[in-house]
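For Cys31-Cys84, Cys35-Cys60, Cys44-Cys65, Cys48-Cys67, the entry in Swiss-Prot reads disulfide bond, with the evidence type sequence analysis. Look at Swiss-Prot and you will find 20-85 tagged as domain 'LCN-type CS-alpha/beta', backed by sequence analysis. What Swiss-Prot lists as signal peptide is 1-19.
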Amino acid sequence: MNSLLMITACLAEIGTVWAKEGYLVNKSTGCKYGCFWLGKNENCDKECKAKNQGGSYGYCYSFACWCEGLPDSTPTYPLPNKSCSKK
């Protein structure tokens, strides 16, 4: 029983360490999600934790939302073959 708990704890830790991070990106425009309040930012945190993003924490860094703990399926900036187009 103790071995099973130890293995589970190790796997959870590995998943946390290897989690993806990066700037949130708008898939239709290819642009980063912008923000103005640097550091702890309620809007960035909310966007990162949204069900379609799946992140664990978000904050404003260099005037864009940076997310930590993202699944590999969530795209981050820059998108391959798509540059930011502000239309």
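For all residues, glycine too, the Cβ spot is worked out from N, Cα and C.
Overlay of Swiss-Prot annotations on the structure.
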{"residue": "Cys31", "record": "disulfide bond", "DSSP class": "coil"}
{"residue": "Cys44", "record": "disulfide bond", "DSSP class": "helix"}
{"residue": "Cys60", "record": "disulfide bond", "DSSP class": "strand"}
{"residue": "Cys65", "record": "disulfide bond", "DSSP class": "strand"}
{"residue": "Cys84", "record": "disulfide bond", "DSSP class": "coil"}
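The disulfide-bonded residues examined here are Cys31, Cys48, Cys65, Cys67; by Cβ neighbour count within 10 Å, the least packed of them is Cys31. If you draw a 10 Å sphere around the CB of Cys35 (disulfide bond), it holds 22 other CB atoms from the protein chains shown. Taking the C-alpha atom of Cys60 (disulfide bond) as reference, the shortest distance to any of the disulfide-bonded residues Cys31, Cys44, Cys48, Cys67, Cys84 belongs to Cys44. Burial estimate for the disulfide-bonded residues (Cys60, Cys84): highest at Cys60, by number of other CB atoms within 10 Å. For the pair Cys31 (disulfide bond) and Cys67 (disulfide bond), the C-alpha distance works out to 15 angstrom. Summarising the environment of Cys44 (disulfide bond), the number of other Cβ atoms within 10 Å of its Cβ, over all protein chains shown, is 26. Ranking the disulfide-bonded residues Cys35, Cys48, Cys67 by the distance of their Cα atoms from the Cα of Cys84 (disulfide bond) places Cys35 first. The subset of disulfide-bonded residues (Cys44, Cys48, Cys65, Cys67) lying with their Cα within 10 Å of the Cα of Cys35 (disulfide bond) consists of Cys44, Cys65, given in sequence order. Model confidence over the domain 'LCN-type CS-alpha/beta' (20-85) stands at 95, taken as the mean pLDDT rounded to a whole number.
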